[in-house]
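Undergrad: What TrEMBL records for 12-31, 76-98, 110-138, 220-238, 259-279, 299-318, 370-388, 437-458 is transmembrane segment.
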Amino acid sequence: MGIKAALPKYELYFYTLVLSLAGLWAASWIFEASSANVNRKAFKESVKPGWHYFGRKMDVADFEWVMWFTKFRNHIVFALSGHVIFAKICSMAAPQVGLTILVQYCSYLYMVYGMLAVLATMGLTFTMLILSHCVLLYSVSLSKQKWLCFAAGLGSLATFKLEPFSSWQSGFVTGSFALQDVLFYGGSGFTIMRCMSFALENYEKKDGNYSFLELLKYNFYLPFFFFGPIMTFDRFHAQVNTPDLTRKEREMWNIRIQAVLHLAAIVVVDVLFHFLYILTIPSDMKLVRQLSDWSLAGLAYSNLVYDWVKAAVMFGVINTVSRLDHLDPPQPPKCITMLYVFAETHFDRGINDWLCKYVYDYLGGNHNNIVKELLATVCTFAVTTLWLGPCHVVYIWSFCNCFGLNFELWVAKFFELEPFASMEAKMSEAMSRRIRGMFNAANFWTIILYNVLALNSLDFANLVFKRLIITG
């Protein structure tokens, strides 16, 4: 219990270290080979000049990470720094204007700042487009019809994820800003999910309706606007309207520690990108086929741990800012090393909370009925597929995870039958754990394989599967 209790506080540092060790262990042969094959096509495309003073090139295969810490860095640092300074000024004004008045109007000031930041970054057309979707879904929410809220929300989401509607809307946003496309789809997708949460919570409200300004406050809170995480409207509304702004004991200390850990993780990942090209190598199938089974497993596994570190850093930086505003945002994703059941395989806990609240738990109940669970998982991953953007890799990933969730329930139900239930009752607790551990080990590798598919190419995932399960 002592280790388990202490782990969450240092999990970012711990798993960053795991990433480093896993990459070093798996790559001892790979990267010696890559040094000799630096002129290969994959390396020319994905390895660019980096630390000139060390003579090292940098792995730039992950567009999202490179975007965050090169092109988008100045914009996000400027916008978030302005938000923090603005919030600090508001808190300093509390003794003069009164705490009650500050709580009442601070969220509106955040809304205005967020709208101005979006307007300055993306332009008037994008802001008006987002507002038009907000008006549409707010109008639908007044009907107090859950099915209509879902239909309108998913329809709006489809206009940003499916052609030709996606290109038609993105065509309104023109300019010279290099990251307009990325911010367009990020801000648009998260806006629709927030508007759906607002509409569904408005359906649950018994007396009257939430105001349109409440929706704007919720949607244009800048730290969450472009890249999430999504906090469901009921949680956000309760937290921004709480009159208690006192800090818990050592809360500011924990916020500072988290900020330092995120900075350390960024430095470690940057070092890895200059010495261990774990993202570029999977794209070179000729080189990958030469790896031993252990090296291939380590390469696939280090990709997964890196993806968690990336998500933990990106969400962690934003969450740190929101905690300064007295919010309690969704936690960073659970590391792949801690996953062994499909019910917990989520990298974005905000989206996971949203799906569980409005789809999975709503349709699945206590998740003990096979038919209800099948309906709940199919509907959940149908929404997930639309959210991620329909394509063949997303279809395969969604199907595999949907099957995994249901298969876990089928196996549990099967072993509740006789004579298995009686046999387990006669076993010692340790033996029962060992047997369950065997099934969970199989689940663990299945989760890894499905997520390798999501992160890398279908060819690489297929090779990993064959080498580890069939021939290795």
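Every residue, even glycine, has its Cβ placed from backbone N, Cα and C.
I'd like to know what surrounds each of these features in this structure.
TA: Through the fold, the transmembrane segment (110-138) approaches residues 75, 79, 82-83, 86-87, 149, 152-153, 156, 169, 172-175, 177, 180, 183-184, 187-188, 191-192, 195-196, 198-199, 212-213, 215-217, 219-222, 225, 325 of its own chain, all at least 6 residues removed from its boundaries and within a Cβ separation under 8 Å.
Through the fold, the transmembrane segment (370-388) approaches residues 154, 157-158, 161, 189, 193, 351, 355, 359-364, 394-395, 398-399, 401-402, 405-406, 409-410, 413 of its own chain, all at least 6 residues removed from its boundaries and within a Cβ separation under 8 Å.
Within its own chain, the transmembrane segment (437-458) is flanked in space by residues 282-283, 300-301, 303-304, 307, 336, 339-342, 345, 392-394, 396-397, 400-401, 404, 408, 411, 464-465, 468-469, which lie at least six positions past its ends and keep a Cβ under 8 Å from the stretch.
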